[in-house]
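Some features that TrEMBL has for this protein:
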ACT_SITE  HIS189  active site, proton donor
ACT_SITE  GLU331  active site, proton acceptor
BINDING   ASN92, ARG93, HIS189, GLY190, TYR191, ASP257  beta-D-galactose binding site
Amino acid sequence: MDLNETVVITEDGFGLYEDPETKKKCIVKRFTLKNATDMTVQLISYGATVTSILVPDQDGKVNDVVLGFDELEGYLSNKSQRIGAIVGRVANRISQGRFKIYGEEFLVTKNENKNHLHGGDRGFDQRVWQSHVENGRKVVFSYLSKDGEEGYPGNLLVQVTYSIVKENGLQIEMRAMSTKPTPVNLSSHGYFNLAGHETGSRGLFEHKLNVNADRFLMKTVENLPTGEISGVSGDLDLRRPKLLMNGILQMPGGGYDHTMVLGEKEGPIKSAALVVHPRTGRTLEVLTDQLALHLYTSGGLPAIREEDDKKYLLKGKKGAVYEQYGALCLETQNYTDGVNHSNFPDTVLRPGNIYTHTVIYLFKVLDTKL
């Protein structure tokens, strides 16, 4: 998609970071991308993270539609949520924290009970990336993941490029190269709420969601794929728009946390999902070249109960309280735990090949309010 030629990019500091391993300190950079149609995106070099997306509603009122924090400490204190970050080397789960490549077994960090989640104890979301502005239109982040990091084989060079494209779209392009065969399955872990980041479950429940998937990965109680691919039905059949409140409240186990199958073979960029918030008129279309979309309605955020005023509160930007079912993650990726299922598409990146992944989050407004 063509770049928006009206974009202006500015850079400042977001905080001082001390590496827990080397004890070296560095400034975390922040980049602000703004166009002429009232879209503003902010990114930081910690985790190559999206911290803010401001877009107008149907009446021209601008609001922030992603969860995040005003200061670096918010991200350091809430690492497990990975809010807005790039996750990897492998997004989602690896069963038992182990896999084999050409008969050789590799053990990666077990950071979710007996399993590996989102790259391990200190995945890409907890690294400070090198960063620069390219041609005044793009922000490029790069990170070298060394051989053995979190148990993965090979030196992996990763590059993530952010740009604003026409029609208020945020385009994320990911590339990676490795010196050894290694699984790679990157994803952007943004938490969206088109009603406004501060509106919580009340706002999210008003959304309507459509996902262009007729199958999904069956899973265990540990959210691990069984290897079976099943046709969608009931609340998982999102081929027609569904009110999120109904789907979340009726879903066994509480909310969505499912890998939806978009295809089996790599192809051109296609529409994966459409989210509509009728009250504000904001819409979000997700376009990608990936084979799957992991749908997560933030069931892992803290539940807020009136009778328990001592419960931990997750406080975000401008003092907003982020709660269970208060945001929607639309994580484009390859099949979850593909390295351990021979019937899933291959997720192993080999030397000489380049991993590529493009996703566009395209924001619009409805012609008329519903």
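Here the Cβ of each residue, glycine as well, is placed from N, Cα and C on the backbone.
Model, not experiment: these values are computed from the prediction.
Recorded features from TrEMBL, shown on the structure.
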residue	record	Cβ neighbours (10 Å)
ASN92	beta-D-galactose binding site	28
ARG93	beta-D-galactose binding site	21
HIS189	active site, proton donor	22
GLY190	beta-D-galactose binding site	27
TYR191	beta-D-galactose binding site	26
ASP257	beta-D-galactose binding site	18
GLU331	active site, proton acceptor	23
Say you check the Cα of GLU331 (active site, proton acceptor) against those of the recorded positions ASN92, ARG93, HIS189, TYR191, ASP257; which is nearest?
HIS189
Pop the Cα-Cα gap between ASN92 (beta-D-galactose binding site) and HIS189 (active site, proton donor) into the table, whole Å please.
10
According to DSSP, folded down to helix, strand and coil, what is GLU331 (active site, proton acceptor)?
strand
Could you give the maximum C-alpha to C-alpha distance in Å for the residues ASN92, ARG93, HIS189, GLY190, TYR191, ASP257 that bind beta-D-galactose per the record?
19
